[in-house]
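Chemist: So Swiss-Prot lists these for the protein:
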| type | residues | note |
| --- | --- | --- |
| ACT_SITE | E272 | active site, charge relay system |
| ACT_SITE | D276 | active site, charge relay system |
| ACT_SITE | S475 | active site, charge relay system |
| BINDING | D517, V518, G539, G541, D543 | Ca(2+) binding site |
| DISULFID | C111-C122 | disulfide bond |
| DISULFID | C365-C526 | disulfide bond |
| DISULFID | C522-C537 | disulfide bond |
| DOMAIN | 199-563 | domain 'Peptidase S53' |
| CARBOHYD | N210 | N-linked glycosylation site |
| CARBOHYD | N222 | N-linked glycosylation site |
| CARBOHYD | N286 | N-linked glycosylation site |
| CARBOHYD | N313 | N-linked glycosylation site |
| CARBOHYD | N443 | N-linked glycosylation site |
| SIGNAL | 1-19 | signal peptide |
Amino acid sequence: MGLQACLLGLFALILSGKCSYSPEPDQRRTLPPGWVSLGRADPEEELSLTFALRQQNVERLSELVQAVSDPSSPQYGKYLTLENVADLVRPSPLTLRTVQKWLLAAGARKCHSVITQDFLTCWLSIRQAELLLPGAEFHHYVGGPTETHVVRSPHPYQLPQALAPHVDFVGGLHRFPPTSSLRQRPEPQVTGTVGLHLGVTPSVIRKRYNLTSQDVGSGTSNNSQACAQFLEQYFHDSDLAQFMRLFGGNFAHQASVARVVGQQGRGRAGIEASLDVQYLMSAGANISTWVYSSPGRHEGQEPFLQWLMLLSNESALPHVHTVSYGDDEDSLSSAYIQRVNTELMKAAARGLTLLFASGDSGAGCWSVSGRHQFRPTFPASSPYVTTVGGTSFQEPFLITNEIVDYISGGGFSNVFPRPSYQEEAVTKFLSSSPHLPPSSYFNASGRAYPDVAALSDGYWVVSNRVPIPWVSGTSASTPVFGGILSLINEHRILSGRPPLGFLNPRLYQQHGAGLFDVTRGCHESCLDEEVEGQGFCSGPGWDPVTGWGTPNFPALLKTLLNP
């Protein structure tokens with residue numbers, strides 16, 4: 001009886017709206033371009049909400065990531081298990097008890113957690129959700145390239161002040177699914193003699209980055225790689241098989257994925273999903289490949305959060321993950337960004353190599369108080385991921401040196417300070433670059449990205465059984481670099497060494513060894529009189545357009561094989 005009275009009292013406090021606070025006051029709630037409101041949602045309709053519970057020992061987790069990722073540390077390569085991570089960050093008993101009582105009082109019944117117990121996903125009716133989260137008002141929206149339907153609130157939500165120490169944020173209210181940034185460029189005109197290639201294929205990738213027909217997985221090691229797909233993006237096995245028939249004849253490969261985690265729909269294949277799978281499996285050839293499919297098919301789901309929760313619920317995971325997802329930093333609440341950054345830190349502690357596309361808007365641009373500034377993207381700006389930029393061939397039809405792909409995302413975070421591992425490289429760039437934009441356009445003390453790059457221009461992809469040319473974007477360069485790292489992991493595992501894990505501390509210590517330095521070109525930015533559409537420019541060593549450069553496989557293997 002005492003517990004029931006306590007719960008009723010807590011729920012009464014919630015309903016009154018007294019002593020409440022907003023966990024995400026800075027979350028942007030303007031409707032993204034391409035989305036349309038369809039009006040209020042039915043009060044009896046059900047939706048799922050994800051509650052991010054406050055974790056413990058995050059600072060200690062950060063220290064452990066540094067220890068297991070730094071080659072000079074005696075702990076290098078001694079990664080944590082999922083169970084180790086869970087023991088470290090699991091919310092306190094008080095947090096678990098308080099949140100569970102609160103949800104029970106609100107009528108939430110269908111809830112499930114993850115092994116780390118720091119996420120809780122519950123199904124509620126719209127009526128219950130609006131009572132639970134005062135201020136929220138759920139509407140239907142449709143948008144995106146596949147006419148996706150979502151339920152979101154255009155208004156901020158409140159939580160009882162008593163929950164402030166226990167809940168970071170509630171997912172499924174504000175953030176819209178990201179749209180694909182892939183571009184299909186016009187076919188360049190061939191002039192003069194016939195070129196050596198008519199678009200980027202696996203054979204072009206392998207020739208440029210010095211991969212021989214023998215540089216494939218053994219098929220016997222405990223090695224695997226993965227890509228993640230969102231927003232109703234699916235691949236088809238038949239497309240993968242046709243792609244390998246067309247372009248995989250000169251190297252051993254696998255023609256099907258080993259495992260799909262999540263929901264793999266039966267709709268039309270998406271170009272981005274097809275690209276991710278086909279080039280991860282041709283660069284990292286003959287290596288077991290997983291696909292994480294988090295399409296966000298239910299209207300209340302946030303696909304990226306779903307993927308993070310899948311990582312927190314699997315003990316045995318692929319060693320390399322490539323992700324072509326990103327949002328503008330300024331479009332996300334600080335609570336959301338900081339918590340997602342902790343999730344990426346958890347993955348790094350477990351020895352996972354996470355590669356994120358740097359984006360396809362150059363330095364980006366937005367207006368702050370009437371003045372233009374560059375616009376960094378997240379998670380590309382996280383200090384716990386390896387971010388991949390994009391390049392083009394200097395001569396479009398010749399396998400030659402690379403230059404900047406002008407769309408390649410890059411810049412400096414407005415949220416995360418510069419990590420110590422890149423202090424020397426970034427300081428050198430800022431002090432020596434002859435073409436720096438005005439200092440008012442970027443945060444010179446922020447985490448700088450990308451870290452590396454690969455070709456991002458003019459790919460061939462098979463989608464819905466149709467070969468499609470001239471697909472471009474860092475969504476292409478990211479799986480290519482990921483596949484090459486998987487080949488290096490293959491050698492490390494077969495020689496009794498741990499996989500590479502979080503790569504950045506080692507990458508910056510080696511000052512670009514094993515990479516082709518890209519020194520020509522600039523990327524795009526604000527179209528104004530001051531910068532005239534030009535962002536940062538590449539140069540010798542690290543730069544915020546192509547990072548340390550593109551992979552030279554034999555040299556990179558030699559550099560990363562030991563210890």
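Placement of Cβ uses the backbone N, Cα and C atoms for every residue, glycine included.
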Chemist: When the pLDDT values for the domain 'Peptidase S53' (199-563) are averaged, what is the result?
Modeler: 94
Chemist: When you measure from the Cβ of N286 (N-linked glycosylation site), how many other Cβ atoms are you left with inside 10 Å?
Modeler: 21
Chemist: At the level of the C-alpha atoms, what whole-angstrom distance separates G539 (Ca(2+) binding site) and C522 (disulfide bond)?
Modeler: 9
Chemist: For the recorded Ca(2+) site, whose residues are D517, V518, G539, G541, D543, find every other residue on that chain with a C-beta no more than 8 angstroms from the centre of their C-beta atoms, and list them by sequence position.
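Modeler: Along the chain, the qualifying residues are G512, T519, S538, P540, W542, T546, W548, G549.
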Chemist: For E272 (active site, charge relay system), which DSSP three-state class applies?
Modeler: helix
Chemist: Cα-Cα separation of D517 (Ca(2+) binding site) and N443 (N-linked glycosylation site), in Å?
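Modeler: One finds 24 Å between the Cα atoms of these residues.
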Chemist: Through the lens of DSSP with three states only, how would you label D543 (Ca(2+) binding site)?
Modeler: strand
Chemist: Closest of the recorded positions to N313 (N-linked glycosylation site), Cα to Cα, picking from C122, S475, V518, C522, D543?
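Modeler: Sorting the recorded positions by distance from N313 (N-linked glycosylation site), the top entry is C122.
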Chemist: If you count other CB atoms within 10 A of each CB, which of N210, N222, N313, N443, S475 wins among these recorded positions?
Modeler: S475
Chemist: Calculate the distance in Å between the alpha carbons (Cα) of V518 (Ca(2+) binding site) and C122 (disulfide bond), and round it to a whole number.
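Modeler: Roughly 48 Å, rounded to the nearest whole number.
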Chemist: I'd like to know which of the recorded positions C122, S475, C526, D543 sit within 10 A of C537 (disulfide bond) at the Cα level.
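Modeler: For C537 (disulfide bond), the recorded positions whose Cα atoms are within 10 Å come to D543.
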